[in-house]
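Colleague: This is the structure I have questions about; it appears just below.
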Amino acid sequence: MDEFHRDTWVEIDLDAIYDNVANLRRFLPEGTQIMAVVKANAYGHGDAQVAATALEAGASRLAVAFLDEALALRKKGIDAPILVLGASRPEDVALAAEHRIALTVFRSDWLEKASSLYNGSTPIHFHLKMDTGMGRLGVKDEEETKRIAALIDRHPPFVLEGVYTHFATADEVNTDYFSYQYARFLHMLDWLPSRPPLVHCANSAAALRFSDRAFNMVRFGISMYGLAPSPDIKPLLPYELKEAFSLHSRLVHVKKLQPGEKVSYGATYTAQTEEWIGTIPIGYADGWLRRLQHFHVLVGGQRAPIVGRICMDQCMIRLPEPLPVGTKVTLIGRQGDEVISIDDVARHLGTINYEVPCTIGYRVPRIFFRNKRIMEVRNAVGRG
């Protein structure tokens, strides 16, 4: 296990991730596969640790954003099928084939170049991305779709393993655009001479709300980590999700301020009475952003406001009473009856819950818990 020497850390509850995947496994129609989405270091939770847990809980495949993320999982011993959801270079097809990594394809000219560069015999699997209304990646034209299918068919090492699309509004209460995209996908599937083995369109929101329209695989991302795809549909979810990510620190200094004394850069906070101020070693360089000034944390089971501007490596909080150095501070998570959720942080920042754990950076070690015990400690600082 890695060591760390700053009293700020993330705790990842792998039991929660296991339960979220296992609950989805039970909820989905029989025969529906789960592709666990572990891009962006598993949304800040730890890619290999989450991948292994998800596979154990019933996922059969993994998805990442780009090839480097897939290769990193292979180096960490993850052997399950992996799909790269984003764009890849045609020059890297051989590398993907060598490591049994499936690539997303959506352009015939890309595929022509890849076929001219790849002279190997090892099969390379592709998933065709269709743009049904997201406007990001994906083929939209029938003739282009048929060209891609024909190119794959003419190049024997190439295998069309799957076809998919992505919903733009499955996390909204209004389902009009979702229904439009779904109908569009059904229509576009008929452009192919035959359907490949895997057909997938459902993200977390669609998998949990419209499991009858999931084809034979779903991509389970945000809700694997215990987070609702949006606050609006949280009451509509079929079962309770278990949040896996919590963030903690400790008081490293406690001081008493007199009325009129100031705190932090810009002297934007002024003590109104005698106040106890605590310093904790986390700042915007760790992803605890300056906009979280005036937010609160938990200390001694009570809420304590963040006062003054958040610094690069530290921030200050107003304590309810004098507390000893070393007292635990919870920035995300539970203390006693009080809870600060990722959704609470996202609401204060005016963003979505996805962004919060992704933003907590590499300087903050991750402690992984499984079966209520520490399984691993991972500190990325100093790792080459």
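Just so it is clear, glycine is given a Cβ too, placed from its N, Cα and C backbone atoms.
So Swiss-Prot lists the following for this protein:
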- Lys39: active site, proton acceptor (ACT_SITE)
- Tyr265: active site, proton acceptor (ACT_SITE)
- Arg136, Met312: substrate binding site (BINDING)
- Lys39: N6-(pyridoxal phosphate)lysine (MOD_RES)
Colleague: Which residues of the same chain, at least 6 positions away in sequence, have a Cβ lying under 8 Å from the Cβ of Met312 (substrate binding site)?
Modeller: Gly283, Tyr284, Ala285
Colleague: Out of Lys39, Arg136, give me whichever of these recorded positions has the highest number of other Cβ atoms within 10 Å.
Modeller: Lys39
Colleague: From the Cα of Arg136 (substrate binding site) across to the Cα of Lys39 (active site, proton acceptor), what is the distance in angstrom?
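Modeller: Arg136 (substrate binding site) has its Cα 17 Å from the Cα of Lys39 (active site, proton acceptor).
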Colleague: Sorry to bug you, but what's the C-alpha spacing from Tyr265 (active site, proton acceptor) to Arg136 (substrate binding site), rounded to the closest Å?
Modeller: 41
Colleague: Which residues, sitting 6 or more apart from Tyr265 (active site, proton acceptor) on the same chain, put a CB under 8 Å from its CB?
Modeller: Gly308, Arg309, Cys311
Colleague: With H, G and I counted as helix, E and B as strand and the rest as coil, say where DSSP puts Arg136 (substrate binding site).
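Modeller: It is coil.
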Colleague: By the DSSP assignment reduced to helix, strand and coil, which category contains Met312 (substrate binding site)?
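Modeller: Met312 (substrate binding site) sits in coil per DSSP, no helix or strand.
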